[in-house]
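Taken verbatim from TrEMBL:
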ACT_SITE  Glu134  active site
BINDING   Cys91, His133, His137  Fe cation binding site
Amino acid sequence: MALLPILHFPDPRLHTKAAPVARVDDRIRTLIRDMAETMYEAPGIGLAATQVDVHERVVVIDVTEDKSGLLALINPEILERSGEQVGEEGCLSVPGIYDKVVRAERVKVRALNTQGEPFELEAEGLLAVCIQHELDHLDGKVFVEYLSTLKQGRIKSKLAKRARITA
Ligand code: NI
């Protein structure tokens, strides 16, 4: 297992559209284990492969408090969305920044599991938010892009200042 470095906004690589996984093999299963370890260590409740500079459609999620609900989604697709919820979101690629985003309250997702078998999942609340947030990453979208240009500018300068201090 290995901890993977996480890209930080506004790194242009975060805007890469990820390609579908052609074959679910040991390479992908190792990637998922490493992504899960990286997410738990951060700590975070979701991580997309895009954030660790791997541009394939893989995400890991665990919204439980005791790390008992690891969910790996390969080639995920949202089949249905309904309702609306507004929650404070954060992102391991945008450290220390939290803001409100409007999302669907419920989603139905189809994905492949770590054995390459298709499954469907219905989610609501926080899990639904997390799925939508992580799937955005696979399409090259970071949550702060839902915010105003003014706010995005402030976030960029805040993160740049912090990077200079820690460098
Ligand atoms: Ni994120």
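Just so you know, glycine gets a Cβ as well, placed from its N, Cα and C.
Sequence-distant contacts of His137 (Fe cation binding site), defined by Cβ-Cβ distance under 8 angstroms and a gap of at least six in the same chain, are Leu14, Ala18, Ala48, Thr50, Gln51, Val59, Ser93.
Neighbouring residues of the recorded Fe cation site, listed in sequence order and excluding Cys91, His133, His137, comprise Gly46, Ala48, Gln51, Glu89, Leu92, Ser93, Glu134, Asp136, Val142, Phe143 (Cβ within 8 Å of the Cβ centroid). Across the structure, Glu134 (active site) and Cys91 (Fe cation binding site) place their CA atoms 9 angstrom apart.
In the three-state DSSP scheme, Cys91 (Fe cation binding site) falls into the coil class. Other Cβ atoms within 10 Å of the Cβ of His133 (Fe cation binding site) number 23 in total over all chains. A 10 Å cutoff on Cβ-Cβ distances gives the residue listed as 'active site' a total of 24 other Cβ atoms nearby, all chains included. For Cys91 (Fe cation binding site), other Cβ atoms within 10 Å of its Cβ number 25.
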